[in-house]
Amino acid sequence: MEIKTSTGLCGEVDIPGDKSISHRSVMFGALAKGTTEITHFLQGADCLSTISCFREMGIEIENTADKILVHGKGLHGLSAPRRTLNVGNSGTTTRLISGILAGQGFESLLSGDDSLNSRPMNRIIRPLKEMGAEIESIDGSGCAPLRIRPGVLHSIDYTSTVASAQVKSAILLAGLYASGTTSVTEPVLSRNHTELMLNSFGADVAAVIHKDGSATASVRPCEELFAQKIKVPGDISSAAYFIAAGLIVPHSELLIKNVGINPTRAGLLDVVKAMGADITYLNVNSDSGEPTADLLVRSSSLKAVTVEGAAIPTLIDEIPMIAVLAAFADGTTVIRDAAELKVKETDRIKTTTEALLNMGADVTPTEDGMIIRGGNPIHGGQIDSFLDHRIAMAFAVAGLAADGLTTIKDSQCVDVSYPGFFETLQRLQGKANEN
Ligand code: S3P
């Protein structure tokens, strides 16, 4: 994909459904009794992987133009898959489904693409085994492919060293099938969609934040979940690219609609505010059960910030985009406490800093983040996405504000979370030219 310098972006963007909530809607719908109706579902490759895994386990899922209908069969209604479950590129599918499969009375195999099959799975294997699950990495590497056999689950009180919603969710989902109350404590609170949504499906999940900032979620074993109607809010992780583009492309004004602003996800908004962003919240409401807002973003001069600590899990997927913003900001931005970046779809400390260097930025990778000295002229470059959707989108935005032409290799990987991303970008440029 070729990206030219933009003279301004203008218009409205409807943000596609939240990826984390879309996955969970299908999973919990499959385990509930009755038909769960999901609107504004994200039709990205990752969420389609979740649908295909549950279809493989006998769940009828209708995917029509305007809604998804999941005909759930209850907590014990899944049937043994005849094939290996293909989880594609999706860490969320893999880790959450593993928690569910640990509680089933049949054997299953899970495998994904090369990126997925090199991501760490011991972080879920360890606690699930502690609960009595029969789960193993088939080649012993600690990665997928995974084999899960029937096991008898008992509750545990698990302390996780990482703040990971995927780890937390895997344990809570297995906890639905365990004897006794299962709890997970994480060093700081990660996104809490599983806790909120399981409760709305009728489970009993409690959440506490401790004085030292650590957080515990606990779940009681469950007899039954009940089908729900879910309106998925727009994904702030997808909105991030348009927020950033609106800020760094001169003469821009974008109205970014229906963005989920759950505080466990919205750290980006605090960061851009601290950087001096001209951003206004409109139509704030909680109609979908999660808070949403429309965001009016205008070109702004940005200044450096420090991004660290408890904020990191609230913006972990936005860090490549924040790093690009920092390259256009005055001063030195420090991103730390973000070693988790190394185990995303790519090692995002490496892929982000290499791409920034490629475009002329002054950046130093560190063990747990990066240091970006803003203000260097940023020029176009040939960017390898390494098939990482977030790298492709963050550097497409960088290209709009850079001098000269930028090319993004393997740009089709944006389909993982944002089909139509480049078409939307193109449309907003057209609007600016008309004005
Ligand atoms: C997700 C949790 C995060 C995030 C991922 C989606 C989820 O991963 O990076 O894109 O839906 O639970 P970790 O749990 O590994 O931090």
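Placed from the backbone N, Cα and C atoms, the Cβ positions cover glycine too.
Binding site for phosphoenolpyruvate per TrEMBL: Lys19, Gly91, Arg119, Gln166, Arg348, plus Arg390 from the candidate set Arg55, Arg298, Arg390. Geometry remark: Ser164 (3-phosphoshikimate binding site) versus Lys19 (phosphoenolpyruvate binding site), CA distance 15 Å. Taking the Cα atom of each, Ser20 (3-phosphoshikimate binding site) and Arg348 (phosphoenolpyruvate binding site) are about 19 angstrom apart. Sorted by the number of other CB atoms within 10 A, the binding-site residues Lys344, Arg390 start with Lys344, the lowest. Here the Cα atom of Gly91 (phosphoenolpyruvate binding site) is found 13 Å from that of Arg24 (3-phosphoshikimate binding site).
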